[in-house]
Amino acid sequence: MLSRLSELIWADWIWFPEGHGWADLKDHDGKVFPNPKDLWATIPIALCFLVIRQIFERTVAIPLASLLGVSDKQRVGASPNPVLESYFCSTSKHPKQSSIESLSKQTGCSVRQVQRWFRRRRNQDRPSKLKKFREASWRFTFYLLAFFAGLAVLIDKPWFYDVKLIWENFPKMPLLPSQYWYYMIELGFYISLLVSVASDVKRKDFKEQIIHHVATIALISFSWLVNYIRAGTLIMLVHDAADYLMESAKMFNYAGWRRTCNFIFTMFAAVFIVTRLIILPFWIIHTTFVYPLTLYSPFFGFYFFNGLMCVLQVLHIFWAVLILRMVVKFLPGNDIVEDERSDKEETESDDEDGDCEHREKSRNGHVQNGHTVLNNNHISDLVMSTILNCGSDFLWTMSGSKSIY
């Protein structure tokens, strides 16, 4: 039963054009072809990336952050309050107005004090700027090396200049050692990203990022199985062309190098639009989706591969819209630029002073001339909170970072 099901799933007519099949991918006469078993090598490679990342962030990223002047602003922590903490952890981090009023009565705090407590508590859970810098520097390093490595792999290949040649002698195209390592390293890296996504900085496009990683892994794996290697290497190179610029812009943003960040982001936006919205759909996808119909009859593998390509292209359009909205905000007269997908840190803007712990003191009679007595430390906290949290922020579309514009 299982063997028959396996035969049906991997039938030649499903994955290859008529007249071709898995027999074409068997090694012969000194020629090597992609083997499904080769993909198992990406698991230890992904684990190595996870280990190398930890070493890199501690030995390279942190000293680099210090050199560039990356520092976190002081955050005012929420005062201990079991009732509010229980509600925050078990019910909601963003209580409705009716819930705030109910919590106000339970704790003896004013509505504004409850609102302030939840703001501060939410800010405590937000990742630090140093964490964001470490993550961005790791990805920048990989994408930069991967782009130039991919360029070295493809620069002397004829299909790099004439994309239609990716179908020449398909699927009987022998595998080159450089293509093997390019594939294994790229796939291993994306698997490591999928594994570490739970601990990485989460943004509003978290679901889109998951879809992107899964689609990319599926696309790279499938293109390996059916020997779409030439198309796969071109697709990976096009993606890496803009990614390292994005990550470097984030790094300089965290460091407060505004002009450098603005310049790199402008370059990133231009490269992203050219590679993802022009080269990818009108050259590569056209060659994988339209041109093959002049050579072969459609088959399931053809639709599956191009279906994944369309998923990636939809995501590219989604991100391009966010980038263009950012570009519009760069125009003269637009002084404040905010990330369209970031989880913005909330500011202290209430007029009423004091936390819930101080309200408890006032209930116990610590008043003077009808007003609650506030100690110097508390006044300092309020002043620092206002200074550190007020002001206009801008956040890059593809970064989720913040700095004063």
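Glycine residues also receive a Cβ, built from the backbone N, Cα and C atoms like all the rest.
What TrEMBL annotates here:
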DNA_BIND  86-129  DNA-binding region
COMPBIAS  345-355  compositional bias 'Acidic residues'
DOMAIN    84-128  domain 'Homeobox'
DOMAIN    131-332  domain 'TLC'
REGION    341-370  region 'Disordered'
TRANSMEM  140-160  transmembrane segment
TRANSMEM  180-198  transmembrane segment
TRANSMEM  261-284  transmembrane segment
TRANSMEM  304-324  transmembrane segment
In the DNA-binding region (86-129), how many residues does DSSP assign to helix, to strand and to coil?
32 helix, 0 strand, 12 coil
Please report, as numbers and ranges, the same-chain residues at least 6 past the borders of the transmembrane segment (180-198) whose CB is under 8 Å from any CB of it.
38-39, 41-43, 45-50, 53, 142, 146, 149-150, 153, 206, 209-210, 213-214, 216-217, 220-221, 224, 229, 232-233, 236
Rounded mean pLDDT for the residues that make up the domain 'TLC' (131-332):
89
